[in-house]
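Q: TrEMBL lists these features:
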| type | residues | note |
| --- | --- | --- |
| ACT_SITE | ASP118 | active site |
| ACT_SITE | ASP120 | active site |
| ACT_SITE | ASP201 | active site |
| COMPBIAS | 484-499 | compositional bias 'Basic residues' |
| DOMAIN | 100-232 | domain 'Poly A polymerase head' |
| DOMAIN | 259-319 | domain 'tRNA nucleotidyltransferase/poly(A) polymerase RNA and SrmB- binding' |
| DOMAIN | 376-492 | domain 'Polymerase A arginine-rich C-terminal' |
| REGION | 470-499 | region 'Disordered' |
| TRANSMEM | 12-29 | transmembrane segment |
Amino acid sequence: MFEELSQEQWLIIATVIAIIILTAIVLYRRYKQQVAPNKTVAESNIKTQSAQAEEPTSYPRLPLGEKRIIPEKEHRIPRQRLDDNAMKVVYRLHDAGYDCFLVGGCIRDILLGQKPKDFDVATSAHPEQAVELFHRGRLIGRRFKLLHVRFGRELIEVATFRAGHDSEDNDDGEQGRQSASGMILRDNVYGNIEEDALRRDFTVNALYYCARDYSIYDFANGYPDLQQRIIRMIGEPAQRYREDPVRMLRAARFAAKLNFDIEPATAAPIHELSPLLGRIAPARLFDEALKLLQSGYGAAAYRQMQRFDLFRYLFPLTQEILDNPEWPTPILIQHVLKNTDRRLEQGKSVTPAFMFAALLWYPLYQRYLEILDEDDLPPLQALHEAANQVLSAQVKATAIPRRFSAPMREIWELQLRLPRHQGRKADQLMAHPRFRAAYDLILLRESAGEDLDGLGHWWTEYQKGNEVQRRELNTDIAADEQPRKRRRRRRKPSSKPNE
């Protein structure tokens, strides 16, 4: 059969075989490139060192503001790790003649082998210039004007290079404003990349990725600090904290998230200046609380906040009750935050309603018992009044949107109703939309050392049991429906509390 093939046919067969081989090589190389991003930069360094027997490049500290360029062959960020939509934004701005960089946490996290939560862009284009380039772009913010470019569910944030507040006013009249204490009230003074780098908070957040030559620009010694795992403020720390007191919370957050040390000069002013957090809008502190406690490193962030006495400015009522030996508040907080971290690690959902309900439980319960002693109210009514008072005090520190405060009230109410589970009540309680959250809080309270007469175990068995087993559990429970309290009411209520 092969003898009958002509020379042209043999040439076609050889060409097809060559194409197949080349395709296989290309696919194999692409596969290797896709696997490579899963390796950390440290792993890449180890491989290079073993192959070349070289030590990783050590970078000396340069004068602040002096540009250091780290080429791609040294930082070894795989281009596949860069977000496609963020790069579309960068290239669109480049094509329009503007300087543009990926900046901040995304570059920091990739260098550490972590997956960035989002990608931010910094550009020389003013917001009004940049928004014209994107039909899905929208300008937001007054204190800090930004461009948001939406790609489906993904949002790319684009910021214009900012300058310090001693710079001259912009041509369009926008300028920065500071309060008498030095707090930044408006930050729309535009500048160049060098000025933008020096007005950022920490050195490791001031790294710029250039898409033209794939190098990293460093104006603040962020790259050597990243190598040494240090959180260091850019500029004079006390002044920078006065400009924006939230930077104290950010220092604690990054130290917890990255497992870095806070440089001594950066840490030194925090205790003294922490009261400045009382001037921050409650809505902004609510957002910071979620970043600190619901991002997968809440337990470590809590330890950092306690180290610098920052927790009291987010949860003042909880801080007040921490030293009360009557309640196992410190243990409950640790268990709640570790449980939240574990759920996030497992890819499970978490809600601010549960975290706030748990962290405020003992302040609420203590006030509830005080109201029972002071006023002639049924238990649930006393609980509702305690909830009103606790929430009114808490929102002065951190705002709590109603979509979270309403479920918090239900979780708290179920802490009184779950002990009353005879007959059909158990099935009715299990059908409550907040049952699972309330049950989890019962378990956490027991794990913290609170004696609830085995309530958590009873509900665990009831949920697992069949109809016969559930009837047996209902037969075995104590006849007294009232929840155990540290202090009993002076007289019994005239009506049932759950009606």
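Including glycine, each Cβ sits where the backbone N, Cα and C put it.
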Q: Would you mind reading off the Cα separation of ASP201 (active site) from ASP120 (active site), to the nearest angstrom?
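A: With the alpha carbons as reference points, the distance is 15 Å.
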Q: Tell me, by DSSP, whether ASP118 (active site) is helix, strand or coil?
A: coil
Q: If you draw a 10 Å sphere on the Cβ of ASP118 (active site), how many other Cβ atoms land inside?
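A: Here the count is 14.
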Q: Specify the count of other C-beta atoms within 10 Å of the C-beta of ASP120 (active site).
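A: The Cβ of ASP120 (active site) has 19 Cβ neighbours within 10 Å.
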Q: On the 0 to 100 pLDDT scale, where does the domain 'Polymerase A arginine-rich C-terminal' (376-492) sit on average?
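A: PLDDT averaged over the stretch: 85.
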Q: Counting by DSSP, what is the helix, strand and coil composition of the domain 'Polymerase A arginine-rich C-terminal' (376-492)?
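A: The counts are 72 helix, 0 strand, 45 coil.
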Q: Around ASP201 (active site), how many other C-beta atoms are within 10 angstroms of its C-beta?
A: 23
Q: Would you mind splitting the domain 'Poly A polymerase head' (100-232) into helix, strand and coil residue counts from DSSP?
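A: Taking the domain 'Poly A polymerase head' (100-232) as a whole: 28 helix, 42 strand, 63 coil.
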Q: What does the DSSP secondary structure composition of the domain 'tRNA nucleotidyltransferase/poly(A) polymerase RNA and SrmB- binding' (259-319) look like, as residue counts for helix, strand and coil?
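A: In the domain 'tRNA nucleotidyltransferase/poly(A) polymerase RNA and SrmB- binding' (259-319), the DSSP-based counts are 43 helix, 2 strand, 16 coil.
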